[in-house]
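So that you can see what the record holds, here are the features copied from Swiss-Prot:
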ACT_SITE  ASP19  active site
ACT_SITE  HIS48  active site
ACT_SITE  SER107  active site
COILED    206-243  coiled coil
REGION    258-284  region 'Disordered'
Amino acid sequence: MAKKVSKFFRIGVEGDTCDGRVISAQDIQEMAETFDPRVYGCRINLEHLRGILPDGIFKRYGDVAELKAEKIDDDSALKGKWALFAKITPTDDLIAMNKAAQKVYTSMEIQPNFANTGKCYLVGLAVTDDPASLGTEYLEFCRTAKHNPLNRFKLSPENLISVATPVELEFEDLPETVFTALTEKVKSIFGRKQASDDARLNDVHEAVTAVAEHVQEKLSATEQRLAEMETAFSALKQEVTDRADETSQAFTRLKNSLDHTESLTQQRRSKATGGGGDALMTNC
């Protein structure tokens, strides 16, 4: 099954957080500028809860792939505010929840001084069902509470958690590569439940055969493409050579023609001054 990637959707807007602090337009822009999954990957969790079991309800539900910052330009009350937009690569469970109209809001976890850079970074993205749990009513409680109840959900106490934002997720297939296609094929083979060692050995043999056939198929296709490129290059080389010869011959003909053509700017010899010039003398 091909992996999915979402289109860009809004995950947060400048404004209040759940502890009374404010996310500024600069914070939004910094998160878009600094985000790099190779430096720190931002994973998607449920209700800002990070479970440790891969099969538990609070497992991870995908990753943030890209971020961008844009000003909102619509007829809503948010017009003119800076917003953060994300592309995500979801798990099948998140896609299923979204199709069932569950967990349709997002809430950001922001680290203000990420890695001592002095800039904000998106370190977590939660999906939630009820905006009130991270919205106005909950916001007021967190402002006045002696101990912020959200602190236990944060990676660091100084991190900010944004008010939840409703989202509409649209997914598209990621292009399938040779590696992903082969991986899925082998995984499907080893995913079968077998009772005996002979059956497992057969699975290993089938997997090795599948790998060999897949590699051979891709090598043959690559060789064919290389042969086509070589043929095209040879034809192009011959065409360039022919044109160069034609140009050289044309230049030689032009040079020879010019060498045998009298120059109109060349100085002429003056007429002879002896005798009477053009007069004819008669001896009488």
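Any Cβ shown, glycine's included, is placed from N, Cα and C.
Across the coiled coil (206-243), mean pLDDT in this model comes to 81. Residue with the densest Cβ environment among the active-site residues HIS48, SER107: SER107, by other Cβ atoms within 10 Å. SER107 (active site) sits 8 Å from HIS48 (active site), taking the CA atoms of both as reference points.
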